[in-house]
């Protein structure tokens, strides 16, 4: 976390840099949403080779495997070569992945393409939030940290919109240009001052601070704080294993992993990946592409609301409200599909119910359980362990995403559609209980205060570094 001095700093450059970094999240959002408009067209033979429903399930899930694969390695890479260079280099696998997908000649090429794209998207989920946290001053930390999820939802909406009018080839071609645009913009952004100081590049750190805070900003106090922080890390240096086993780290890791677990097990990725099928099964009479676009618009608006209020209402309130309403929404969806499976005529006039419940679910997820777990990841860990611990949490997120998206169809067939949504509802209720009992409020607290809170105000002295507050997952990094 960066403290400002008595001299007022400019915030606009920080917003510009954070939004530029979140361009990678936009690209990741297109990966998440791509399966929805592409599914029926690919299984219908649009690419000239057969794609079964089972094969498409693997095409959709391969992205999450790639993201899970990269999260921990990227946590080490960003400390070696920097946040900025890492994100710029990710343009290469992003472009390669889309090229393989665009000109795929068989299903196996699509598997490989989606896996490579997942590597890129998952890496951004770690790097972008960490970068944003290290450039943000304290009073706008939550807002800038929420840009990540906002841009993910914007990417999903974008792919829904262009997917309504383009075939899979053209849609994928457009998506392949996005990482190149990101690279062309982000190359002009500064490197994180925290990273530069850690590499003893103090002159470059001064230039970065002045870019972010303004030329007239008194950089000395902030620079000295960063240097003192780095010196503290070196003096208290311990092995990764020792740092991970500190009680305060284990508690933070348990909270972060719990939030990631309930984020995925509420069923959000199943809803996003298969939203077209949900509208089709509901038999609303509304065009499927239009329905998913409407959902995407709601998701972006709700996430934007979260960006505006997260530093005012706090993390716990948003998480609790999100979980409770999401549970009610999935109960309603479950009731509809249970009735439909048993007596199709009984829901003849209830086509509005699952769509309404789905929209409410998306809105409340986007306000709470979408952005807040990623935001809190960087707030819960001390800086000397944030990269590794955040990568562990990001990896768990993507592994859970793979499990949910890969087994959703199987669960529907084994349990029934209604019972599957009720299972998600039950898990979400448990998530609300988890938040109420175990998740601390971090709004307005410094990293030092959060570590003390996690310790239970004990007399021990954790390794605390006041330099970065957002996620390393991020995701995910992860997503």
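Just so it is clear, glycine is given a Cβ too, placed from its N, Cα and C backbone atoms.
Per TrEMBL, the feature domain 'Major facilitator superfamily (MFS) profile' maps to 17-443. For 12-35, 55-78, 85-105, 111-131, 143-162, 168-189, 252-275, 290-310, 317-339, 351-376, 388-409, 421-439, the entry in TrEMBL reads transmembrane segment.
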CB contact flag for the transmembrane segment (168-189) and the transmembrane segment (143-162), at least three pairs under 8 A: yes
Contacting positions for the transmembrane segment (85-105) when only residues 6+ beyond its ends and CB under 8 Å are counted: 21, 24, 27, 47, 49, 74, 77-78, 112-117, 119-121, 123-124, 127-128, 131, 169, 172-173, 175-176, 179-180, 182-183, 186-187, 191
Winner by Cβ pairs under 8 Å against the transmembrane segment (351-376), considering only 143-162, 388-409, 421-439: 143-162
Candidate ranges 55-78, 143-162, 317-339, 388-409 - greatest C-beta contact count to the transmembrane segment (111-131) (under 8 angstroms): 55-78
Feature contact check the transmembrane segment (421-439) with the transmembrane segment (317-339), CB under 8 Å, 3 or more pairs: yes
Most Cβ pairs under 8 Å with the transmembrane segment (55-78), selected from 143-162, 388-409, 421-439: 388-409
Spatial neighbours of the transmembrane segment (421-439) far in sequence, C-beta under 8 Å, 6+ residues away: 254-255, 258-259, 261-262, 265-267, 270, 315-316, 319-320, 323-324, 326-328, 330-331, 333-334, 337-338, 369, 376, 411, 415
